[in-house]
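Data block below; observations after.
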Amino acid sequence: MRLEAWLRMPPTPLVRRRLWLRMAPAVVVVARTRESRRVTRRLSFSPSGRGDRAPLAPAVTLRRTFREFWPGTRGLRRLFAAGAVFAILAALCEVAAIGLFGHITDEVLTTRNLAAFWAPASMWLGLAAVAGLASFGGTYLTALGAERFLLKLRDRVFAHVQTLTPDYFENRRLGDLMARLTDDIEAIEELVGSGVVKLITTVASVVFFAGAAFYVRWDLALVTLALVPAFLLVSKIFASRFRTAAARERRSNGAMNSVIEESLANQPLVQAYNRQNNESVRLNREGQGWLRANLSQAWLSGMYGPLVQVLETVCLIIVLGFGAWQIAQGRLTLGGLLAFAAYLAMLYPAVQSLGQIALTVSEAAAGSDRVLEILDARPAVTDRPVAVPLISRSRGRVEFDDIGFTYPNRRRPTLSHLSFVAEPGELIVCTGPSGSGKSTLTKLLLRFYEPSAGRILLDGVDIRDVTRASLRENVTILHQESMLFSGSVRENIAYGRSGASLDDVIRAAELAGVHDFISTLPRGYETPLGQRGRLVSGGQRQRIAIARALLRDAPVLVLDEPMTGLDEATAARVMAPLRRLMAGRTTILITHDLRHVPVEARRIVLEPTRRVDRIRIRRLGVPV
Ligand SMILES: Nc1ncnc2c1ncn2[C@@H]1O[C@H](COP(=O)(O)OP(=O)(O)OP(=O)(O)O)[C@@H](O)[C@H]1O
């Protein structure tokens, strides 16, 4: 009668999962942590989808992923090992607890002997306490290792990204790069860090629960375990499909981030041009692709679950039938059968979890492809092995000697046969029509690109023979659009020189003619400037940037259209601080606007020829 009641217990996935969550917390908790992160990740990014436009990152083998990222677990392996040990201990407690449950059924419930209840019941309670503590230890230590691994890996990839020359970013969408630095890095952690712990604890659980099932009734266990390869086969079939779907999801996620990033950054333009709908359509289009990618993942997951469920049900029916027959034969007790069924109830999710690990691996591999693609990228310009740092502050003599340059993705040269010398402290004005290569000249001086012909000399030394870091210490650039960060005014000015004191910052601000304005701000030098310094006007931004450049105090100065976007009165106000900044420095002033240019300045005119593919340089020494 009791057996019948037990037989009526519905072996639904929910019941099994609840049982699993209750009985094997150590194993499941690791999985839950990762699952919640994945959900968060999905929610935190909106759909993209025309991922089809961007090529998928190249597929890499699992071995390469481990070869590349496993060294990153150095220093954390003890944490992961301890996490695994605790999780295994918790699983062992569960095995013992089920044994006690069988014992209580046979010795207390069947015989109605209450006296025999208390000893095993107290042991069960003790085991539950140990399992709880071990589960907590396993979860916490694994999470600690995982988060530290993530931090290290993100720092490593970000540091590498910062070695890449600007052309790398010019050819990529920032949103996609951000997705790689966040989501994809997490996916790698799920494979290389906590993924390994999960694999070990799940395998251990399979061994324990299978071993216990064999111990109770080896022949019954043999029959049911014969179906395990079927579980693994199903996982294998699904894994490759899941990987493709995951790669699409990763890629479309990146595309969607790009749209969001661009739209939010350009909101003033979007609203001024009434293009809100257009942006929404763009996001929706990318979202459609993301939706498709997620639906195909959901389809696969949806298929996978029921298939495994059918297999489980087949196993359960076999157990019940065979078990009932063995009880009738007197070869198995009711407690034995219940314990056996409980072991199976633990074993199946563990086996299923093994299959899910295969799916996680697929998803992680897709993320790993995308991160490795970044790590494989090499900067277009590197220091020569023989490059040495500039020992002292340069005098500031800059020479362009027959320079030619073609952008990597262009056929026609942007500059050819460009030669000029700027003596220390001299002001050179560089003019010419739009697109004639004025800003390109700056990129070459800072070694963002390598000239295709000729050489650039600083104090007579080829800049390729000095390290880029020391070269850039000697050159300050003031961009067309003042680049500010979202920090305070003080932080933005102090960016010019690490370790600058507040007094240094105030002195620079006074010279830049912006101190009075800063004093009127609500929190003075501590006032935040807003995203990209949008909380202050163009002229104020420019003068803050001048203060930063003053603090940097490099002997060579490049001013790239410093008056762009400023009205006549503001431009005149900016000119005085600019003159103070230029004083005593070799200055290359790139400008279309010659109204504020000092009359004594020498001019270089970059002039595209009519055939456009050659640029003729006219060098004039005539004062304006
Ligand atoms: N990263 C790049 N890749 C390919 N071509 C580029 C790149 N940057 C600039 N160019 C091209 O090189 C040419 C020169 O550009 P550059 O920005 O140096 O011109 P400019 O004289 O400073 O123009 P403007 O006065 O409008 O700022 C242009 O035809 C431009 O399209």
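Placed from the backbone N, Cα and C atoms, the Cβ positions cover glycine too.
What TrEMBL says about a protein is an automatic prediction, not a curated fact.
According to TrEMBL, the domain 'ABC transmembrane type-1' annotation covers 81-363.
Residues or ranges marked as domain 'ABC transporter' by TrEMBL: 398-624.
For 79-104 (among others), the entry in TrEMBL reads transmembrane segment.
Per TrEMBL, transmembrane segment is recorded for 124-146 (among others). Sequence-distant neighbours of the transmembrane segment (124-146) (same chain, 6+ residues past either end, Cβ-Cβ under 8 Å): 25-26, 29-30, 33, 73, 76, 79-80, 82-87, 89-90, 93-94, 96-97, 100-101, 104, 189, 193-194, 197, 201.
The transmembrane segment feature in TrEMBL is assigned to 196-216 (among others).
As annotated by TrEMBL, transmembrane segment applies to 222-242 (among others).
As annotated by TrEMBL, transmembrane segment applies to 307-328 (among others).
Annotation source TrEMBL lists transmembrane segment at 334-351 (among others).
Beyond its flanks by at least six residues, the transmembrane segment (196-216) meets 24, 26-27, 30-31, 34, 80, 83-84, 87-88, 91-92, 95, 98-99, 102, 138, 142, 145, 222, 224-225, 336, 339-340, 343-344, 346-347, 350-351, 353-354, 357, 360 of its own chain at Cβ-Cβ distances under 8 Å. Regional average pLDDT for the domain 'ABC transporter' (398-624) in the model is 82.
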